[in-house]
Amino acid sequence: MTELRIYATRGAGVEADRDSAVAAAPEALLSTSNAEQISAQLKTRGIKFQRWPSKPKLEQGAMQEQILEAYASLIASVQKNEGYQTVDVMRVERDQISGSTLRQTFRQEHQHAEDEVRFFVEGCGLFALHIKDEVLQVICEANDWIAIPAGTRHWFDMGVDPNYCVIRFFKNSGGWAASFTHDPIADHYPGLDQARKQTTQG
């Protein structure tokens, strides 16, 4: 389930132990799974969010060419309106050797010199956006499109058992490049698995 949670950064705690740090995270100021509310809340903070129509004819595990063809008109519209020059497909699967390394890298707070724009074709992931004195956690699932402006402090968690596929949009043909803040803030907030568990329990 797609969900947005908004936390205040103050009072998150500074414990070194990961479990106690997560437990010390503040209560969410807002929690919603309503797509319109999610879009509206993110928009006020400069984040773009949309739900794209599903492509029922696209099989699970489809190749890059099939995915790009299925979403060609929507991709072209985004490129025309936003100026993104390069588009590719990234798939991370459970048995992928580099999965744990990628998770460790993406979970560190970082920034980009250009927008981070993703459309979820399959699976899910958690974007955490550190904006002023707030942390906004967005669980994105299939058919979610999100655009995070350049310079926004954020991190991404794919979970302990990753399995997702996204379309990535870039203005720079060089692809993904990050500047890490070395702020351990991500340790003080739930990761994807705990966030989804909390959603189920709620």
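For all residues, glycine too, the Cβ spot is worked out from N, Cα and C.
Because the structure is a prediction, the values reported are computed rather than measured.
What Swiss-Prot says about this one:
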- GLU109: site 'May play a role in metal incorporation in vivo' (SITE)
- HIS110, HIS112, GLU116, HIS154: Fe(2+) binding site (BINDING)
- HIS110, HIS112, GLU116, HIS154: Ni(2+) binding site (BINDING)
- ASP115: site 'May play a role in transmitting local conformational changes' (SITE)
- ARG118: site 'Important to generate the dianion' (SITE)
Neighbouring CB atoms within 10 angstroms of the CB of ASP115 (site 'May play a role in transmitting local conformational changes'), all protein chains considered, total 18
Given the Fe(2+) site HIS110, HIS112, GLU116, HIS154, its other Cβ neighbours within 8 Å of the Cβ centroid, in chain order, are GLN111, ILE148, THR152, ARG153, TRP155, PHE156, ALA178
As a whole number of Å, the Cα atom of HIS154 (Fe(2+) binding site) is distant from the Cα atom of ARG118 (site 'Important to generate the dianion') by 14
The rounded CA-CA distance in Å from ASP115 (site 'May play a role in transmitting local conformational changes') to GLU109 (site 'May play a role in metal incorporation in vivo') is 15
Expressed in Å to no decimal places, the gap between the Cα atoms of GLU116 (Fe(2+) binding site) and GLU109 (site 'May play a role in metal incorporation in vivo') is 14
Students should find that the Cα atoms of HIS110 (Fe(2+) binding site) and ARG118 (site 'Important to generate the dianion') sit apart, in Å rounded to an integer, by 16
By a 10 Å Cβ neighbour count, the lowest-scoring of the recorded positions GLU109, GLU116 is GLU109
Expressed in Å to no decimal places, the gap between the Cα atoms of ARG118 (site 'Important to generate the dianion') and HIS112 (Fe(2+) binding site) is 14
Should one count Cβ atoms within 10 Å of each candidate's Cβ, the recorded positions HIS110, HIS112, ARG118, HIS154 would be headed by HIS154
